[in-house]
Amino acid sequence: LLCFFFSSRNSAKLVAPLGCLVSRQKHTLPDLPYDYAALEPHINAEIMQLHHSKHHATYVNNLNVTEEKYQEALAKGDVTTQVSLQPALKFNGGGHINHSIFWTNLSPNGGGEPKGELMEAIKRDFGSFAKFKEKLTAVSVGVQGSGWGWLGYNKEQGRLQIAACANQDPLQGTTGLIPLLGIDVWEHAYYLQYKNVRPDYLKAIWNVINWENVSSRYATCKK
């Protein structure tokens, strides 16, 4: 028999039939591609430090613990425990996936508007960049409680779509859309600076959107 295992890079690898017992590579907290203060004044250093080194780190740690428990249950054939661990896998796995995308979606040299194929697709699917920006902002403002606003790519239909996800639900795993741009609207992403005024945070974040990263994701998922 041959079996697959998944590394922290989410790439499937074929392994030899050693009872399908392979060592799992632990997930790690990715480094930010910029300093904590690099996004000021739009997102301050204190928020970025807490968000990255505390919140994201907690998702990573809890994901590793949950996966270890899941592997143990899998080895024992304990289906009840496997099922009971699904919410923790979804929450912490989603938190890790979402934030790993979020950090790269932001840049101190961001803002403005995208160019090239992404801009053409935005105009095609939303009418104009202004309409797209308004719609994604409105969807993100409207998330009840905690969650994310997303620009995703519907590969089946070949078009861009806007969606909201609750809590840390990952976009692709719950909607099938490939994530291009995610906006974190959990209070920990903005409260220390913007208090409970989410619209002010959403207005500011457009100044640090890394359109090169979003465009690169779009080009990759179209292949």
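Cβ atoms here come from the backbone N, Cα and C positions, even for glycine.
Unlike curated entries, TrEMBL annotations are predicted automatically.
If you look up TrEMBL, you'll see HIS51, HIS99, ASP184, HIS188 marked as Mn(2+) binding site. Taken from TrEMBL, the feature domain 'Manganese/iron superoxide dismutase N-terminal' applies to 26-107. Taken from TrEMBL, the feature domain 'Manganese/iron superoxide dismutase C-terminal' covers 114-217.
Cβ neighbours within 10 Å of HIS51 (Mn(2+) binding site), excluding its own Cβ and spanning all shown chains: 23. There are 25 other CB atoms within 10 A of the CB of ASP184 (Mn(2+) binding site), with all protein chains counted. Here the domain 'Manganese/iron superoxide dismutase N-terminal' (26-107) has, by DSSP, the following mix of helix, strand and coil residues: 58 helix, 1 strand, 23 coil. Put plainly, the binding-site residues HIS99, HIS188 were compared by Cβ crowding within 10 Å, and the winner is HIS99.
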